[in-house]
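Inspection log for the structure reproduced underneath, given as structure tokens.
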Amino acid sequence: MHNFQLFIKKNIIKGSTVVVGVSGGPDSLTLLHLFLSIKEEYSLKIVGAHVDHMFRAEQSEEEMLFVKDFCYQYNIPCEAKQIDIPAYLNRNKISSQAASREHRYNFYKEVMDTYNANYLALGHHGDDQIETILMRMVRGSTGEAMAGMKAVRKFHNGYIIRPLLTASKEEILQYCDLNGLEPRFDPSNEENKYTRNRFRNTVLPFLKSENPLVHERFQYFSETFLEDELYLKELTKEKMNTVLKRKEKSEVEMDTKLFLNLPLPLQRRCIQLILNYLYETIPSSLSSIHIESLLNLLSRDHPSGSLDYPNGLRVIKSYDNCLFTFDYDKSLPYEIPLSIPSTIVLPNGSAIDCGILKKPHFLKRGNDVFSLSVERLKEPLTIRSRKQGDKIKLKGMNGTKKVKDIFIDEKIPLHNRDIWPILEDGDGNILWVPGLKKSAFEEADCNGDYIFLQYKEL
Ligand SMILES: Nc1ncnc2c1ncn2[C@@H]1O[C@H](COP(=O)(O)OP(=O)(O)OP(=O)(O)O)[C@@H](O)[C@H]1O
């Protein structure tokens, strides 16, 4: 395995501790054997790590004993753990593969800590890489993910390394033969139940028949694509600072005019970076379709529109503004009864003070105050979010006006419209759209007591 030597030379620091994930199958057994063969030359400390996921009762326990025994023969430590994944699956709604992976990776971290290891070596090979890249393309992955698995990536307090990505399965099986290794074979690898196995059993034989070294072509694609991608990502990061207006934990706002001036490849990556920032873990249902539909929305002439992304993220375009937010729906729709006197804080971050005034000497005018005769009040007063078809009888005007048109005239951004407060009386009349318009129901000049409302930014 010539490439293994090259990989180690390039990526491993002499004197390091390497944890090798060993399932007992041909790939990881080959990997472990290769590491043992260079152990002295590189002054490495090698540790075997095995997880028995307990899917196949005695058979999987036998695999664990096999790995332990192999390590014992070569005089290296072996950490093995039995984890009852079937029981875990009964309690949690998660796929068996995802559950196994999550537990296995947690165990790797524990072992790395115990031995103060710098590297975790895994036995993924070139054929695995072809499957990964094709699967991701087919499901619509974006960006770096399309490069498949990385040969070296940061993990816990060190790195995951995959020294066999340039080797094919066939080479690995030959290596096992040549070196008298007798790996265990997991029967589930053959079933077409899993997507990966379907690619392995159907697409791979065709590609191999076209080019037996196709795994090298895919690995070359993966590495060069990743380099291009990282370069473009750096460019995007630089430009992004000019486009972003606000960046908070669950919200990001950007200027669409400046965004649309960026070259399309940077626009795409800019969206991807915002999503990476907002999502703790990118949902598996998020795909290139989401990015393309947002690009579409932003480049259309229509000034507003919104898109719903997975896990409650909403993207709202409004004039020159584009807001990505998780907070959008939390307080919608709302209806807050107004007791008098009181101060209420509203979902849009503003507040309304409300009290009773004896006939005042001076009453403020303007759209952020509203007054009403106590005598003619139709209780209860409510502050609520807008409803479809809302109309208001405007002061000094005949007929009614749609609240929606008031928002449009005042150029209120789309995402603010749904949380904008509206004052309604007990008869269902809209009295006031605070800060924007008053209805003909206002009585600023009556003789008795007034209910006085003041809208204010906090
Ligand atoms: N049960 C396990 N315990 C420890 N490490 C594992 C286990 N299963 C997989 N790994 C590690 O993850 C790598 C990839 O796992 P995967 O199941 O995709 O491989 P595989 O094709 O079945 O490999 P192998 O021939 O080594 O079983 C393995 O080569 C091995 O390094």
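Heads up, residue numbers simply count up from 1 along the chain you see.
Backbone N, Cα and C define each Cβ position, glycine as well.
Whatever TrEMBL says is automated annotation, not expert-curated.
Fair warning: this is a prediction, and the values are worked out from it, not measured in the lab.
Feature annotations, courtesy of TrEMBL:
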BINDING   SER23, GLY24, GLY25, PRO26, ASP27, SER28  ATP binding site
DOMAIN    381-453  domain 'Lysidine-tRNA(Ile) synthetase C-terminal'
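Secondary structure from DSSP puts GLY24 (ATP binding site) in coil. Fewest other C-beta atoms within 10 Å: among the binding-site residues GLY24, GLY25, PRO26, that description fits GLY25. Residues VAL22, LEU29, THR30, GLY123, PRO183, ARG184, ASP186 surround the recorded ATP site, their Cβ atoms falling within 8 Å of the Cβ centroid of SER23, GLY24, GLY25, PRO26, ASP27, SER28, which are themselves excluded.
Broken down with DSSP, the domain 'Lysidine-tRNA(Ile) synthetase C-terminal' (381-453) shows 11 helix, 22 strand, 40 coil. Averaged over the domain 'Lysidine-tRNA(Ile) synthetase C-terminal' (381-453), the predicted model has a pLDDT of 89.
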